[in-house]
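Chemist: Pasting a structure below so you can have a look.
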Amino acid sequence: MGEQGQVVHVENVDAQEANGRVHAKTYILVAAVNMIYVAQLCSVVGSGALARDITAVTGGSGNIVWFTSVITICTAVLSPSVSQAADYWGRKWLLIFFTILGCVGSIVVSRANSPGSVLVGFTFSGLAFGSQALVPTITSEVLPRNYRPYAQAAVNVSGSLSGFVSLLLGGALTRNSNHEGFRTYWYICAGTFALSAILTAFLYNPPLRELQRTLKFTEKLKKLDWIGYALLTLGLALFCVGLSWSQNPYPWTDARVSAPFAVGVFFTTALVLYEWFIKVDGMIHHRLFRGRGRNFPIALFCLFVEGLAFFSANNYFPFETSILFTSDPVVVGAHFGIAFIASIVFAGVGAAYCWKTKTLRDTTMAAFISFIIFFVLMATTTTNTPQNNFWAYPLFLGGGLALSVTALMTAAQFATPAELISTATGLVLCVRNLGATVGLAVYNAVFNQCVSQNLAPKIAAAALPLGLPESSIGALIGALVTANFAGLAEIPGVTEEIIGVATVALKETYLIAFRYVWVTAGAFSAIAFIASCFLSNPSEAFNSHIDAPVEVESIAEADKAKV
């Protein structure tokens, strides 16, 4: 169960011949490691899709944005540090330790009875995502480099299957206003985390890496980028606190919004300056940006936007579906699940195209075109849009997700020295989740601003001419927003006609807010499309070399695996 005693030396490599074997042992390992990604997607999808069920039971509806944000913040903050540590202490036990934390967090969420305990649970679940970068790292480095697009597609397919099943499962468990069903959902999440940790413990026994064997414990600690981690944590957390409180409930002029936002920007700026001028071998290792073309920084930016784009849909597409068409959580989940089904198909197609043509640029460009089409369609949605359209729109979201992750993760890893693949993948996942975190905070601010400006005027304009007393406006709005249909009949002056026009006004208000969210995400996607046009195609990197072969039978064979 411990890591084997052989040592694998990992250095710089590009075009190399086959240096290891790939048989059933490797493929079983890939499947086991991807099981962790299944558990993580189960958690993050539930954090968005079941957020309103959780708050219906525990309260704290103002904390909804934090259910997903705390996960993305933890992923962004921990990915670089865990990835760096994995080069010094090995991948296995870090992966298992953080996965166990996911099990703990899921149990806490399942038993939560207050807003605070829910956030504690999601914080533990978020810690599990600190090892997320190790999943695509291990999947890539144990397979030949020319199969790397397929490796990333495998990660994508695992996540998409998990996302689809999670949506339907969550919807079924909370159907017919059974809000308590979220508890069963997170029990299942806990079991999935536990099973994936056990499988990894038994099946993943890699050879020792050179730095793992040669460096002393204190030397390993000194190599970690402690100052960078601290600056990243403070900057990102405070930045998101400021944006999340904007219009929820404080105005921009309030110090509770402007102060944490400004301090967050300060720490983020300090991080950039520190990593650029002082720490050359930290989490933003300078070798990642030198001598290997422009692909790595372009991939970083594009994955930042991909995270920003996907999480707009993760949090707002199910919400909009429930507002416009149906409150049935199974149907809502099935609508969004179409994106994950499409992602499975497009991941395979995209990987095959990249492998066959030995190119990455065209696939990336197609990904952001697909994202842009999705956001345009969503931004032009009206109250008259047929529900059938919402079965088709997610196809473009799934295409964008699968093609972008498959091609861009491959591009980033191909542009990375082999000995820095873990550090690079950690940085990539950090930036992707940074995009998600910043995006969620921005969307939350945009959405709340639009709702606060339009909700009361629109409902008042629709209801007052029909005889509703002004004193009943507040109660009518509160009942509509919380879907308290029983309470509507008890409001003085309310009639069926007033309820009908007020409901239409509510939908129109939300549509305005949704539209600005989609326009924001679409604008970023358009910029990313332009950036993707400048990717170069690393055809020479598609070779049979394995960066970290698992099936090494002896020290002599390990020496042959030097790269």
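Cβ coordinates come from backbone N, Cα and C, glycine included.
Automatic prediction, not curation, is the source of TrEMBL annotations.
Pulled from TrEMBL, these are the listed features:
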{"type": "TRANSMEM", "residues": "27-51", "note": "transmembrane segment"}
{"type": "TRANSMEM", "residues": "63-81", "note": "transmembrane segment"}
{"type": "TRANSMEM", "residues": "93-112", "note": "transmembrane segment"}
{"type": "TRANSMEM", "residues": "118-138", "note": "transmembrane segment"}
{"type": "TRANSMEM", "residues": "150-173", "note": "transmembrane segment"}
{"type": "TRANSMEM", "residues": "185-205", "note": "transmembrane segment"}
{"type": "TRANSMEM", "residues": "257-277", "note": "transmembrane segment"}
{"type": "TRANSMEM", "residues": "298-317", "note": "transmembrane segment"}
{"type": "TRANSMEM", "residues": "365-384", "note": "transmembrane segment"}
{"type": "TRANSMEM", "residues": "390-412", "note": "transmembrane segment"}
{"type": "TRANSMEM", "residues": "424-446", "note": "transmembrane segment"}
{"type": "TRANSMEM", "residues": "516-535", "note": "transmembrane segment"}
Chemist: Are there three or more C-beta pairs under 8 angstroms joining the transmembrane segment (150-173) and the transmembrane segment (63-81), sequence spacing 6 or more?
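Modeler: Since fewer than 3 Cβ pairs under 8 Å link them, the transmembrane segment (63-81) and the transmembrane segment (150-173) do not come into contact.
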Chemist: Under 8 angstroms, Cβ to Cβ: which one of 93-112, 118-138, 390-412, 516-535 has the largest number of such pairs with the transmembrane segment (424-446)?
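Modeler: The stretch I would name here is 118-138.
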Chemist: Within the same chain, where does the transmembrane segment (390-412) have neighbours whose Cβ lies under 8 angstroms from its own Cβ atoms, ignoring anything closer than 6 residues to its ends? I mean 6 or more beyond.
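Modeler: Non-local partners: 136, 140, 148-149, 152-153, 155-156, 160, 295-296, 298-300, 302-303, 306, 309-310, 313, 317, 321, 324-325, 335-347, 350-351, 354, 360, 363-364, 366-368, 370-371, 373-374, 377-378, 424-425, 428, 525, 535, 538.
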Chemist: Near the transmembrane segment (516-535), which same-chain residues lie under 8 Å Cβ to Cβ, leaving out any that are not at least 6 residues past its ends?
Modeler: 294-295, 298-299, 301-302, 305-306, 308-309, 312-313, 316, 360-361, 364-365, 367-369, 371-372, 375-376, 378-379, 400, 411, 439, 442-443, 446-447, 450
Chemist: Using a cut-off of under 8 Å between C-beta atoms, tell me which stretch among 93-112, 150-173, 298-317 contacts the transmembrane segment (185-205) the most.
Modeler: 93-112
Chemist: Mind checking which residues reach the transmembrane segment (150-173)? Cβ under 8 Å, same chain, six or more beyond either end.
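Modeler: Same-chain contacts beyond the ends: 30, 34-35, 37-42, 45-46, 49-50, 135-136, 139-140, 143, 181-182, 184-185, 188, 318, 328-334, 336-337, 339-341, 343-344, 347-348, 350-351, 355, 398, 401-402, 405-406, 409-410.
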